[in-house]
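A.B. asks: Below are the features I grabbed from TrEMBL:
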type	residues	note
BINDING	HIS14, HIS16, HIS63	Mn(2+) binding site
BINDING	HIS16	oxalate binding site
TRANSMEM	20-41	transmembrane segment
Amino acid sequence: MQSYNMLLGVSMQHTHPRSAYLVFVVGGWLVIVLIGSNNTLFAQVVRLFELDTCLFLLKGLVHFQLIKGAKYLANAMAAFGNANAGTMVMPVTLFGGGVD
């Protein structure tokens, strides 16, 4: 398990090359943005106390998380399918000017 605490923040674009994982929101609202192979962005709002309090992310899928709203604290936990999932941070310039 890995714990994320992001106060008014955005995580960098990254991937976990050796494991899929499940993200559980335990506080606040979190927006998880997935980046498709054709630079298409897919966003999912994951909230506490709703049916969509978790999101499954596939191995190797490029994604990032951001806080929903400027005044909130979001807490999330991730359950990886591998003890050594690894994290590869992607440079911002990798996807052109559309993802900053």
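Cβ coordinates are placed from backbone N, Cα and C, and glycine is handled just like the others.
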A.B. asks: Which of these binding-site residues has the least crowded Cβ, counting other Cβ atoms within 10 Å: HIS16, HIS63?
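C.D. replies: Each of the binding-site residues HIS16, HIS63 was scored; lowest Cβ tally within 10 Å is HIS63.
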A.B. asks: For the Mn(2+) site (HIS14, HIS16, HIS63), what does the 8 A shell look like? I mean other same-chain residues with CB within 8 A of the CB centroid.
C.D. replies: GLN13, THR15, LEU57, LEU61, VAL62, PHE64, THR87, MET88
A.B. asks: Within 10 Å of the Cβ of HIS14 (Mn(2+) binding site), how many other Cβ atoms can you find? Include all protein chains, please.
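C.D. replies: Other Cβ atoms within 10 Å of HIS14 (Mn(2+) binding site): 15.
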A.B. asks: Using DSSP and three states only, what is HIS14 (Mn(2+) binding site)?
C.D. replies: strand
